[in-house]
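Copied from TrEMBL, the annotated features are:
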| type | residues | note |
| --- | --- | --- |
| TRANSMEM | 21-46 | transmembrane segment |
| TRANSMEM | 52-78 | transmembrane segment |
| TRANSMEM | 85-118 | transmembrane segment |
| TRANSMEM | 124-152 | transmembrane segment |
Amino acid sequence: MSRIVHIAEVAVQHIAEVAAAAAVVAVVVTVVVVVVVVVVVVVVVVVAAVVVVLVVIVVVIVVIVAAVVVLVVAVVIVINSSSIVVVVIVKVVVVVVAVVAVAVATAVVIVVVVVVAVTAAAAAAVVVVVVVVVVVVALTAAAAVVVVVVVVERQLTTLECRIGE
């Protein structure tokens, strides 16, 4: 009879080892997936930020060049014109161009801030979800090991009681 109990104890030990190994594998795989997801999210955020900054630089340069061209043309027109009406019209155009340039630059800055904020928020949400998944997997794996060990121990106790009778 004690041989049966010994075999059952060895079986319990093997089952517990297999359950623990499965839990470790689940946690390791989850951690690897989390690391990959976080790295991908960080790379995407960085690339998006760089692209947005480059677009902003290009837009600002285009706006500045356009404003300078308008100002140069305005100066040439004013110098070559003898009409006061033309000079007033050119001054109005220069003011309008300046206002539009400032508006475009402001809009670009606002768009950049919004894009960076939304991208960062999305990345943070992904990281939070991934962390929650890791915690859930780790807790589930630990619970699975405990359940397996408890169930097998209970069965072993029942077996010992039957053998003792």
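Every residue gets a Cβ built from N, Cα and C, even glycine.
TrEMBL does not curate its annotations; it predicts them automatically.
Long-range Cβ contacts of the transmembrane segment (124-152) within its own chain (Cβ-Cβ under 8 Å, at least 6 residues beyond either end) map to 11-12, 15-16, 19-20, 22-24, 26-27, 30-31, 33-34, 37-38, 41. Long-range contacts of the transmembrane segment (52-78) within the same chain, counting only residues at least 6 positions beyond its ends with a Cβ under 8 Å from a Cβ of the stretch, are 86-87, 90-91, 93-94, 97-98, 101, 104-105, 108-109, 112, 115-116.
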